[in-house]
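As given in TrEMBL:
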REGION    B:1-26  region 'Disordered'
COMPBIAS  B:1-23  compositional bias 'Low complexity'
DOMAIN    B:166-232  domain 'R3H'
REGION    B:210-249  region 'Disordered'
Amino acid sequence: MTDYADLTRFITEHIVANKSAVNVSAVPRGRTTIVEVSVADEDMGKVIGKGGRNIEAIRAVVRAAGLRKHERVQVELADGGRHA
Amino acid sequence: MTETEQPTQAGQAAAPSAEGAGATVDEATSQAVARLGATRDEVVVEVLSRGGARPVPGEYLTSTQARVRVSLIDQHTARGRQLLAGLLEKMEIPARVSVRRGTSPRAGETEAPMILEVSGDDLGLLIGWRGETLRALQTTLNLMMGDEEAEGISRRLILDVERYRARREEQVRELAQRLADRVKASGERYTLDPMHAYERRIIHLTLQDDPGVRTESSGQEPARRVVIHPTGPAQGGPTARPDRGRGRW
């Protein structure tokens, strides 16, 4: 199985300024793998992007990795409700 | 360097380059890379001639040789290529990343941009519906490169998968020309379906030197469309027929 948490961490660590604050974990939810990502507050804007453009791109890339194995993967950014 | 070293072209960055020839583009590239004393990962390949038909056993066929020029790539592109290869590896998608130079410069630039080209088997999932996954991959890579809008468009890396973008560009250029002919014949403007910014740009560029039409974009993203206006009265001709609907666009 593709290591979706590792893939997501690889992408996120290249984007943020504060690498040590990046936390990624993969948890199964039904037939879907949920990849939970948290980053430092100051990096949130960059990871989300204008209108959510960046986070949507990251989601699409991780989803595409799952498509090959017919696995559903969903990236969720832990945001403490601030960016709902 | 070698006897094949080329004088650099005017307006191009002065990157060392070499030419090679062979039965196929692949063989020609191997020769050129060896002459440059580089590896394939370090060069951009420019195909000078694809070569003719390959000889068929038992028959005589005249075939011209494939010829290529390879040039060392800049550090920024080299890093992008490495990062993209790493990303594909983590995605567990077996693919090669090569570099080619685009065909036309972007607005306000003199040099055509470098394009990172992904090739391999069954890469449709990297392209997605109408190229959506390809665009996501490009956005992600540029984010990882640390290039935000502040650094300007010129450093943005462009991605292609299985020449999807190249084929699509060709389609859009053909569409633009066909519709311009129709607009000139009918004397009526034509509104295209919504398109992405880079596709609209291809339409504008394709028709900018056609005195018979002018183009503009109207509407808000993501429904922004190109409108082709006639600059004179209807010229008539075989394409002057009632609009039969919007077709695919």
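Cβ atoms are placed via backbone N, Cα and C, with glycine included.
Note that this is a predicted model, so its numbers are computed, not measured.
A mean pLDDT of 93 is what the model gives for the domain 'R3H' (B:166-232). For the domain 'R3H' (B:166-232), the number of residues in each DSSP class (helix H, G, I; strand E, B; coil) is 32 helix, 14 strand, 21 coil.
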